[in-house]
């Protein structure tokens, strides 16, 4: 049966021949297949034909000679097809060098093989081949809106697009073994298979240290072989028999004889991966438009599929398999080379370019559908520079082209063929600009008998398996390996040689038992490179020493004193870092003086000290279910900067004179001092909004400053709510968009911090009130700093969605009978808020549709205004404003601190910003990275706690609505908990069969349930988008994992 975890593995029907772990495959079979791939010349073909004829005289009837002849015939075809042949027969145990030896024909062919194997590595490096084209599944993204109303990036499901497997099977003949190779990396296989490659990897690494290239990643220099389809063949593990027995020596043994053992003494070992280009080659290639730079994202469920964004911002570029990725990991900034057009991926529609269904090479005519799904990554406008000077120079040279040009245009595949198919460009990695992936992963350690190292298997299958020296393992690991079966470790990759499927690494830390919240949480933080260490003494020395701290008189004299005004905070009940406060005073003329007051963090965090350095590196606070990893020391976060009630605090304020209808009459920026009169929660403010006539007692609210009666605070909240409603209406009528996503929240045990319950967070009027004024302040600040510093302003843009994907979605919605207008952000918002039916499931249908509409959306990004010459690139699509920034959360976002410094400099109440345009851009890109990581860690924390909740309180029953349909599975939104799960048809108990069909863009599954009684007919259940089903959430065998089980429909349904 399939399961979510099993879906990541090789499909059981994909390769009916011998698998990796099965014995009996001759040890030199793969070497021979590679040989054929490299030397498929006509002369060699004739030699093989003659050899086969000679063999046929020695044997009667069908046998190896017959098979050999068939394959030698195949060699007499054009070069591109010829290269695919070895992958066809290499899996057959009936034909290999060793099987030929059994018939007594050993010498002539083996001598020829040995001769070919001794050819120089330099010739191999000159073979620039591509990689095969096969599965197609792309990125998923969902959009949620932050406290500031800004579009955020996440993962999401969406509509399904057609695909035609037959149309691209010709260039895929060699993909059988490619798939095996791809699925092999990162997967636990037989220990001997694993140990073999690790041993070879170490030997090759040590033997080539003399010729280190310019690029630090390329430890094996540029004398390795360039690979394509033959690489994926090479990357498969050898037979468990034979070679492994020769690898008993410690890693230090790297004599030529030892190195040759992996070939049975027949020449040097071939590389799995291409050597990287030099810095000079990359720089010239980028300038000429021959190479493309982008951030790599790898599909987490089909880790052989990867993508980078296309420079023309249309269809993503596809990287097929681990060989094409060339040791780059998820999130790395890479340079790729486009492969020849005949190796591009054939797709039926634009959205297929982002991914495909789970059936990859079905031999029967099963219709395929497409769905986009992947890890969340962002797409920075410019490259974050590496640390070395050469790299900095490369990035500086490239920035102008990556921001404003697409280089020399490659062949445009946009014009559909006569049958409506479209080509998607494919590529291979030739250089790693920046290793953004932390190279740290959580996983499990496996003991390999008689080997000097253990095998580390990462939980994240996008990362390769790692060889770890036994010296780095726990002391008793070799004697009691079973004790560590369920122990979670952190391992850091230290090297990944070009001639090995496996990386090398060192154990960083023993986390604890898998399935426990704290070890799992720590693993998430380390894996995503979140700094959760204690702040150093050097950093703490930057904080005020005399506590309790009071505002110095000289500072007070420089600021506008607002301490007597009615100013208050509205935050979540558990919040401790209060960085924004509001005020609203009725003026005699009937208008209002409305203020947004933000903690003046830049007063405490000066430029270029240790505190500033660590804040800029962390870039954001990271919020998890049970704790916060702060950007700043807690003395600042929770005390000196936090706008706690009844305490004098330093702030930066924006104060408007505004009409009751929301028209701004005047605006003032400046440094101020406030004294919050009460700390309201969203619940308190909501109660005030819902009961405008009620007289609240002191017992119903937190402590209130006696200078301000409760009624005065209540009236201020009501006035703010009224103005906010008007501002909000104006925003949306003016073309803004909000895409709401369900958010799961938890109630925790005070002592154990374990989940006691969970619920879907309600976004109410009190939340909208705060959001509206934060948006207003951010927009106003963006205009102000850009007006003063047009080359230095740190702004935030949101690019429009991808046009081709929007067109595809529009077509799908039309076929589903959904009246939706995707022509603009405002039109989409209005469409989403029209009634989708009039029943209890209207909200659920809107959530599913929102999810579908989120798919084409791009991510909002920080950038420096000086690097973009076209002001159209400044716009924020979702908010529909020309300029936007982040000003309102400096306690938890470093970008806001830079904005505060710019604002202070513009008002002559602070020093000039000590950063250049490029330095601001570099920090903006870093903030983008950290914001993406923070959001992903937050999601993983929520998934972790919900997994524990299901385990402790499950099984959990709920209604669910179908969000997407593939050919063998479908995705549902679990309505009670707001989580999304995939249900695999083959794992459904009681299902007799299932059938998939597609009409236009609409995909549909028919499930046939076995009759419970013999005399009754089977029950058919049709699954399509918006179908309502019953599911049960049950804990899996793996720690923290759970599945959604489809419940049998009732007879009367």
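The count begins at 1 with the first shown residue.
Just so you know, glycine gets a Cβ as well, placed from its N, Cα and C.
Keep in mind that TrEMBL annotations are predicted by a computer and have not been checked by a curator.
If you look up TrEMBL, you'll see 1-11 (among others) marked as compositional bias 'Basic residues'.
Taken from TrEMBL, the feature region 'Disordered' applies to 1-29 (among others).
Residues or ranges marked as region 'Disordered' in TrEMBL: 56-102 (among others).
According to TrEMBL, the compositional bias 'Basic and acidic residues' annotation covers 70-85 (among others).
Marked as compositional bias 'Low complexity' by TrEMBL: 88-99.
As annotated by TrEMBL, region 'Disordered' applies to 114-269 (among others).
Under the heading compositional bias 'Basic and acidic residues', TrEMBL lists 124-150 (among others).
Summarising the annotation, TrEMBL assigns compositional bias 'Basic residues' to 164-173 (among others).
Under the heading compositional bias 'Basic and acidic residues', TrEMBL lists 214-225 (among others).
Residues or ranges marked as region 'Disordered' in TrEMBL: 350-378 (among others).
For 358-372, the entry in TrEMBL reads compositional bias 'Polar residues'.
If you look up TrEMBL, you'll see 559-909 marked as domain 'RNB'.
Feature annotation from TrEMBL assigns Mg(2+) binding site to 571, 580. The Cβ of residue 580 (Mg(2+) binding site) lies under 8 Å from the Cβ of 569, 596, 597, 598, 599, 643, 770, 774, 888, 889, each of which sits 6+ residues away along the same chain.
Other C-beta atoms found within 10 angstroms of the C-beta of residue 579 (site 'Important for catalytic activity') number 24, with every protein chain shown included. According to TrEMBL, the site 'Important for catalytic activity' annotation covers 579.
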Ask   = Are there any residues in the same chain, six or more apart in sequence, whose C-beta is under 8 angstroms from the C-beta of residue 571 (Mg(2+) binding site), and if so which?
value = 578, 679, 680, 681, 682
Ask   = What mean pLDDT score does the domain 'RNB' (559-909) have in the model?
value = 94
